[in-house]
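Structure record follows, encoded as C-alpha cells.
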Amino acid sequence: MTNPWEEKVCKMAQTSLLQGKQFYCREWVFHKLQHCLQEKSNCCNSAVNAPSLVMNSGNNASGVSGKGAAWGVLLVGGPGSGKTALCTELLWPSSPASLQRGLHRQALAFHFCKAQDSDTLCVGGFIRGLVAQICRSGLLQGYEDKLRDPAVQSLLQPGECERNPAEAFKRCVLLPLLGMKPPQQSLYLLVDSVDEGCNITEGEQTSTSLSGTVAALLAGHHEFFPPWLLLLCSARKQSKAVTKMFTGFRKISLDDLRKAYIVKDVQQYILHRLDQEEALRQHLTKETAEMLNQLHIKSSGCFLYLERVLDGVVENFIMLREIRDIPGTLNGLYLWLCQRLFVRKQFAKVQPILNVILAACRPLTITELYHAVWTKNMSLTLEDFQRKLDILSKLLVDGLGNTKILFHYSFAEWLLDVKHCTQKYLCNAAEGHRMLAMSYTCQAKNLTPLEAQEFALHLINSNLQLETAELALWMIWNGTPVRDSLSTLIPKEQEVLQLLVKAGAHVNSEDDRTSCIVRQALEREDSIRTLLDNGASVNQCDSNGRTLLANAAYSGSLDVVNLLVSRGADLEIEDAHGHTPLTLAARQGHTKVVNCLIGCGANINHTDQDGWTALRSAAWGGHTEVVSALLYAGVKVDCADADSRTALRAAAWGGHEDIVLNLLQHGAEVNKADNEGRTALIAAAYMGHREIVEHLLDHGAEVNHEDVDGRTALSVAALCVPASKGHASVVSLLIDRGAEVDHCDKDGMTPLLVAAYEGHVDVVDLLLEGGADVDHTDNNGRTPLLAAASMGHASVVNTLLFWGAAVDSIDSEGRTVLSIASAQGNVEVVRTLLDRGLDENHRDDAGWTPLHMAAFEGHRLICEALIEQGARTNEIDNDGRIPFILASQEGHYDCVQILLENKSNIDQRGYDGRNALRVAALEGHRDIVELLFSHGADVNCKDADGRPTLYILALENQLTMAEYFLENGANVEASDAEGRTALHVSCWQGHMEMVQVLIAYHADVNAADNEKRSALQSAAWQGHVKVVQLLIEHGAVVDHTCNQGATALCIAAQEGHIDVVQVLLEHGADPNHADQFGRTAMRVAAKNGHSQIIKLLEKYGASSLNGCSPSPVHTMEQKPLQSLSSKVQSLTIKSNSSGSTGGGDMQPSLRGLPNGPTHAFSSPSESPDSTVDRQKSSLSNNSLKSSKNSSLRTTSSTATAQTVPIDSFHNLSFTEQIQQHSLPRSRSRQSIVSPSSTTQSLGQSHNSPSSEFEWSQVKPSLKSTKASKGGKSENSAKSGSAGKKAKQSNSSQPKVLEYEMTQFDRRGPIAKSGTAAPPKQMPAESQCKIMIPSAQQEIGRSQQQFLIHQQSGEQKKRNGIMTNPNYHLQSNQVFLGRVSVPRTMQDRGHQEVLEGYPSSETELSLKQALKLQIEGSDPSFNYKKETPL
C-alpha cells in the first residue's frame, strides 16, 4: 500500500525544464544564500525555545525572527531575470566546483509553481509534494515515523488536503519538523515563482484575496518554521501584493542595475557565451563588438532578453549589427521577433495553436493539441499540423511527456496583452477554451473525473453566452461521466464546481466534504435557496469559520446576501481571523454588499484580530465608494490597527488621493502617528505621492514631525528617491513648506547626507539650494562628500564640490575623501579629488595611503591615476607593508603589474617578515606568483621567524604551490630558526603527499634540527605510520638519536602508536636502546600502560621488567601537588587555515585554563590577513540605519560579489573585453583567482608561551584545583607546607626520572613560578621537563599580545557591502580564525572551564606542547581593525 502523500504528487512541480542547462555568473547570490543559511545555523545554536505553533490573525509578523535571522529570502526580479534558472542551478548545479555544489545538499524540499500547469498551483499537491520529498531526502531521520498517525495520514488524502490546507500543513509538515532534532547544518525549503496564479490587483489586501494559494499558505505560516529551516522563495518584483506578504524576508533583487555586481553579471554572461560558443564567436569582429555592448545595456538586466538575442545570432536568425534596431524592452523584443518570424499571413495560420496552448490548464501533448485545433478546421491533416508546429519551433519548447509549451510564461502574457502585442499578434484564450471544450465533447464518454473537471472549466471560460443550466445539459447530453467527477479532488473555481453539481456530480452527505462543496458551490441564489429549503443551516460555518453570508459577501454576490439576510443570517459571526461579512466585503470593494449590510445593521466599527476595521481595509485597497458609504454611515474615522495605523495612514501610503481628501474632510486626525512614530505625511513622502503630501500639509500636517528614528518627511523623501516617481518634487514641496533641511536623525544624518549617500543628485541640488549645510557631519564624522565618495557617485561629488564642500575633511579613522574614493573604485571621483589638490600620500590611522586602498581593492585605473599624481609606491603602512604586498595578497594581477612597472620593491617585507611572494603563495594566486618569479623574486626569502615560504607551504599542506616553488629552485633544505625543514613539519603533520614531493626533490630524510631530532622521530611521535614507512624506504636511520638519546622507537612506545612500533621493529630498530637517563622503550611503554606494545617489544627481544611492578620503579618523582593553574598555560584553540588542503590533519587542541590572557592559533602558519585588511577600505563604524520594520532601508551596495572574470582583461572597457574574443583563440589569458583565506594567526613574541614551558611530573587532580583571585593558585599560598612535604618525600624515596623528552625548542631562560628568574644554567634534572609559565607569569604579559577578540556578529560592510571577501564561506569556521573566551569564564574555577572546553586528558601533553612549537604563530595580529560606513 502506498503512502497517501505519494498518491497525488505533481511531477511538474518537482522538476525544471532548465535542468542541465549551462549556468553563468550569479556567484554573489549563492554567497548571500550561504550567509543566510549560516545565520540560521547560528540562530539555531543560540535558540532556546521553539516558536509556538498558534495561528495568528492573518497578517504576518513584521520584522525578522526573534533570534536575529530573517524569516527567509525572497528573490525578486522582473520577467526573465533568471529566478527559475537560479533556483534550478541551486538544486541541480551544472558546475562541479561551484559554491552551489555544496548548497544543493542543504535543500530539504522544493516546489516550482508554473502558471502553465494548474496542478503546480494546487495547495494540496504542494503539501503532499513537500511531505514526499522530506521523506525521500533522508536528511531528517524519524520524520516519516511522525506521519504514521492515522489522523495525520487522513489529512494527506486527496481532497482532504485541499479542503483544509492550513491544518494539513501544520499537522503534516510544521509540527513534525518542529519536533525533529535540529540537523547539523541549516536546511532550506525552495518555492519558485510563488506569485504565479495570484492574479490580483495591487491594492487588495493579501490575507484574504490570496487565500487558497501557495503564497498565502507560506505567508501565514512562515514564522512557525523551525529555526534551522530557511524559506527561500522567488517572485516577480511587479507582484507587490505577494511580496508584501513576506514581511521580514531578506529581499535579493536580481535585476537592480544600480548594483555593480548585477551589471557585471550581464557582462559576464555575454563574455562567457562568447568564450564557450564558437558559433557565436564567429560572428564577432571588432566592428560588431559595440553591438554586444549595446545589447548588455538594452537588456536592462533581463537574461531572457540576452538569451533570445544571442540564440538568434547563433542560429543565424539575427545578425549582430541588427541589435541596434531591437527595442530595449522584453515586450519590444517579442514584437520584433514576431515581425521577423511571421511573414505575411503566417501568424494567422498558427494562431489557433497558440490559442489552445494559452487556454490549456496543463501542458498538452502534440496529439491533444492536434485534436483541439482540428475541431476548428476539420480538414487539417496531421502533416499540415506538424508544418505549423515547425513554424512555431522558435517559440515552443518540449515539456515533460512529449508536451509542447511556450518558451517563457512572459511571452504567453504578451500574446494576450493588446497594449504590447498589438492587434496583429493578439491571441484569444476564449477561442482556445472553445476548441478544447469541443475536443472533450468528442470524447466525453471516456473522460476521467479530472478530465470532466477540465471539460467544465473550458465550457465556463468559452464565453458561449449560455447559462450554467444550459452548459450542464451540454455535458449531460454528451454522456459525460459527471457523477464521480468530485470523487478525488474538488476544483478551486466555484463556477466549475457549481456546473458539475448542476450536471449531477454526486456529493456524499455523510462525508465532511459536503460542507466544503456547499460553501464553494453557492454562487447563485437558486442554489442557496434549494439548500436552505432542504434544511441546511443558514449560519453553518466552514473549516475557516466563515458562514454562508461571509462567503457571499466576500465574493460580492448581492442576491445571495439579500437571501441569507432575509433568512435570518447572523451579521456578526467572525471567522478564524476575526472578519465579519462587512469587513470582508469592504476589503474586496463590493460597495452594494457593504450598503446592504450597513442597512441591515452590521457593526461598522468592528475590528478583526489585527485591529483592521472595514474603513481601513477599504482605504488600503483604494475602494473609494466603500469608504464614502462607511463615512456616511458614521464610522469612526480614526480607528487604528494593532500598529496604531489609521485609515488615513493606509490611504496615504497607497496613494489614494480621493480617499485621503474624503477622510480629512470627515475629521481624520492628520498628525496621528503609528507605533513607530510615522504619520500619514511621512508615509506619503516615503512613497512619493506629491499630491497627497500637499493635501496633508494643507490640512495642518506637521512638516517636521519625527518618527522613532528621528526622521522627518523630508528625511525619508531624500532617502527613497527614484526620480522617475516624483520624489524630487516631494522634496521641493516640503522645503517650500518649511521643512528643516538640516534636521538630524538619531544617527546625526541630515537629508543632504542621506541623499548624497544614495546618489540622488537632483535632491542634493534642491537641498543645497534650500540652505542645507554642505559640511555637516553625522555621529560618525561623515560629511556628505565622504558619503558620496564612498559610493562612487561622481555627479554628487561634483555638485558638492561646486557648492564649496570642504575637501580636507578626515573621518574618525584618519581617512580623507581621496582615501575612501580610492577604495570605492570610481576613477572619475578620484581624478576630481586629485585635481582639487588632495594629498595622494596621506596616511590614515593604520598608515594606509590611497594607493594602499586602491591596490587592496584591485582598482587598476585608480592605481594608475594615483601613481601619475606622484603617489609613492614603496610607502609602508603601520605593519610595514607596501601597496604591492596588499595587491599580491588579494590576487589583483593587473595592480601588481602596474606597481612592478613603477618600481615597487619586489622583496619588500612587512614587519612580520612576509613579502608579496609569501602572501600570494599562501592565498593560492598562481598567476601572481609566476609574475613575481619572472621579475626575480627571492624564492627562499624568510619571514621574521626565520621560516622560508616553502616551509610554510608544507605546513599548510599547499601541495601544488609547494611543488611549483620547488620547480623554481626553492631550497628544500631551508630551515627555520630551530633547524626544522619543510620535511620535518610535513612529517609531523602527516601530510603524506607533501612528504613524497619533498623527497622527490631530494630532501634529506636524515636531516636533524637543532635538538638533533629527525623527520622520522617527528612522524613516529604523531603516529603517522605511512610516513614512517616512506621515510625508512628512502633511507631514514631507524635508530637515530636526539640530544636526549631517544630513538623513534622510544618515542612511539611512549605515545602508544603500536603500528609505528611494529614498523620500526620490522626494520631493525633496537628494542633495548636506552636514552641518557636509562629509559628504554619497554620502560616508557610500561609507565604509560601500553600493554600491547610491551608484548610486541618482548616478541622482538626487548629485556623484560623482571616481573617488577612499574609502580615503584617508574613512578614520577614525588613533588608537592601544585595547582593546575601554575602548570597549564591559557586556552589555545587551533582552527585550520582556509589555505590548508590537508584532510584529517587537525591536531588536538592545546587545552588549558584561561586564567591568564587567552590566545589562539588560527593556522600553523601565518595565514594571510586579507579579511582584516579588507576592512581598511570601509568608511566608519555604522552603516546608514533605518527602522526595523519599514522598507526605509538605505544601505546601497556596489560589487559585493567576487565575480571571477572569464579572462583577465585588466579593467578594459566592456567593449574592449568583447573585442578580445575576436582575437585568435590561442592567445593566452590570465584568470583572476578570488581570495579565499578568511583566517589570520595570532602574534607570538619572544616571550610567547611556546618559548617557556614547565611540565609537572605529577598529574594534579582536577577536583582539588581551584583558581584564586589575581590569577594566583593555591600553590602560592601553600608553598611552605608543600615544600616541606616534598623534602620529606624526596629524602625517603630515591629519585627516578620519568621518561619525558625535552621541549622541542628552548629559546629562553626558564623562570620559576610567579617570578621572572634571570637566565641561569639549569640542572640536568630540569632539562628533562617541558616548562610552562605559571598563571602569574602569563598575567604580566601584554594583553594586546594574547587577548583575542571574537569578531562581532554584526556584518562588517564596506561602502554598504561586505568587507570580508569570504563572509559567505564562514559556515562553521570561527570568524577570522579567532576565538575569545568570555571574561566570566576566565574568572571561574578551572574545573568549570575545562568542562566548558572538553579535553581528552586533564593535563597538557608533551605532544601538544611540541605541536605548539612546530606550528607556532606569527606576530601579525596587531593590524588595524576597521569600522565600515
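Just so you know, glycine gets a Cβ as well, placed from its N, Cα and C.
The repeat 'ANK 1' feature in Swiss-Prot is assigned to 477-509. Under the heading repeat 'ANK 4', Swiss-Prot lists 577-606. Taken from Swiss-Prot, the feature repeat 'ANK 5' covers 610-639. The repeat 'ANK 7' annotation in Swiss-Prot covers 676-705. Feature annotation from Swiss-Prot assigns repeat 'ANK 8' to 709-743. What Swiss-Prot records for 780-809 is repeat 'ANK 10'. The repeat 'ANK 11' annotation in Swiss-Prot covers 813-842. What Swiss-Prot records for 879-908 is repeat 'ANK 13'. If you look up Swiss-Prot, you'll see 912-941 marked as repeat 'ANK 14'. Taken from Swiss-Prot, the feature repeat 'ANK 15' covers 945-974. Look at Swiss-Prot and you will find 1044-1073 tagged as repeat 'ANK 18'. What Swiss-Prot records for 1077-1107 is repeat 'ANK 19'. The region 'Disordered' annotation in Swiss-Prot covers 1108-1200, 1217-1296. Marked as compositional bias 'Polar residues' by Swiss-Prot: 1120-1139, 1160-1170, 1238-1265. According to Swiss-Prot, the phosphoserine annotation covers Ser1165, Ser1167, Ser1222, Ser1400, on the basis of a large-scale study or a structure entry. What Swiss-Prot records for 1177-1200, 1267-1293 is compositional bias 'Low complexity'.
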Chain residues in Cβ proximity to the repeat 'ANK 18' (1044-1073) (below 8 Å; excluding those fewer than six residues from its ends, i.e. six or more beyond): 1014, 1016-1017, 1019-1025, 1028-1029, 1032, 1038, 1079-1082, 1084-1085, 1087-1088, 1090, 1092-1093, 1096-1097, 1100-1103, 1299, 1301-1302, 1328, 1407
Average pLDDT across the repeat 'ANK 13' (879-908), rounded to a whole number: 92
Spatial neighbours of the repeat 'ANK 4' (577-606) far in sequence, C-beta under 8 Å, 6+ residues away: 57-58, 204-205, 207-209, 546-547, 549-550, 552-558, 561-562, 565, 571, 612-615, 617-618, 621-623, 625-626, 629-630, 633-636, 639
Three-state composition of the repeat 'ANK 1' (477-509), taking helix and strand from DSSP: 10 helix, 0 strand, 23 coil
For the repeat 'ANK 7' (676-705), the number of residues DSSP places in helix, strand and coil: 17 helix, 0 strand, 13 coil
Secondary structure tally of the repeat 'ANK 19' (1077-1107) (DSSP, helix then strand then coil): 16 helix, 1 strand, 14 coil
